[in-house]
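Visitor: Starting off with a structure, shown below.
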Amino acid sequence: MADIKDNIEKFWKAELDQQGLNDLNQSLSENEPALQQQLKADYEEMLASGIISQKIDPLSSLRILKTLQLKISPKENQAIKFSIRPLLKWAACFLLIAFAAFFVIYRHQEAQPEPKTTLSIRKQVEGKNYANHQQKDIRIVLPDGSIVLLSPNSRLYHAADYGLKTRKIQLHGKADFKVAKNASRPFSVYAGQIVTTALGTHFNMSTLRKNYVTVKLIEGRVVVHADEHGKFKMKDTYLKPGDQLQVNHRDGQLTLSKKQASANLESPVKLSLSNLEFKQEQLSVVLSGLEKHYHTHISFNQDDMKGLSFTGKVLPTDELKDILNILCTMNGLEFTEQNNKITIRKPGN
């Protein structure tokens, strides 16, 4: 049996002469039942041991066979086809077993996505990918409880050990982050060559504009810095709520838009012709403020709003539907519009 397997290997390497091919053909014919039983036993043993995770389907078998055949020189390949075509089924059967482990492992490694940045996530062969192919934001809850609103045509990646020692995210596109507080494990978002790090905060980040990364802080405090493994260099920049930083990682230009100072008001809600601000305000109060600001009737059930709050600024250019989409997605709500009236409720109510 060992001699037959050795000759099959030599056959696929095109190392058998005509006499060797004839001997192999005769050996296979004489030992067909025993060989078939042995090959089947070997294959089932590999499946049971976990060396291969699943049986090779016919299409994959064909791909392996063709790939191996191409490694034989044209001249030798023609000779094989002419003189030992009956050998092919046995050669293929043996090679499927001999190469199954390599094929499955190689295909598994090849299928793993690799982040473009050079942070430690890159060393991970396993992780979690999120992609938004819809026309609206989608809500993602990360393993540590942090909430992400992922914009259309955007994607996220984090390593399999996210939250155990570090909290590192790779972003392509645009997303809004509401970070779960954990002082021992800073939360970092890598986008382009820029890194935004926070302990527990609310911010959004975008790479939609070519060569630019934009970070806007809504609540808490973050520091924006260059990826230490990249070529781009910049000073650490700390943002306060309302600040927006735009970084051109091609020419190094930084544009920081600071929050304008405003007078303290007794009410936590500031209404004006230009903007609408909230700070840790109950969502029911926020919706009432939006109703007055946009002159649109908004109805909701007070019980659905219990325990929900919002911090942020609404600008004159913001569309009401965009704001409601963010508020509802982050809080597990939904809204409908009919006859200029907006209704907000929990799904299923």
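Cβ atoms are placed via backbone N, Cα and C, with glycine included.
Bear in mind that TrEMBL entries carry predicted annotations, made automatically and left uncurated.
Pulled the feature table from TrEMBL, pasting it below:
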DOMAIN    136-222  domain 'FecR protein'
DOMAIN    276-344  domain 'Protein FecR C-terminal'
TRANSMEM  87-106  transmembrane segment
Visitor: State the mean pLDDT for the domain 'Protein FecR C-terminal' (276-344).
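Guide: The predicted confidence over the domain 'Protein FecR C-terminal' (276-344), as a mean pLDDT, is 85.
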Visitor: What does DSSP give as the helix, strand and coil breakdown of the domain 'FecR protein' (136-222)?
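Guide: Helix, strand, coil within the domain 'FecR protein' (136-222): 0 helix, 49 strand, 38 coil.
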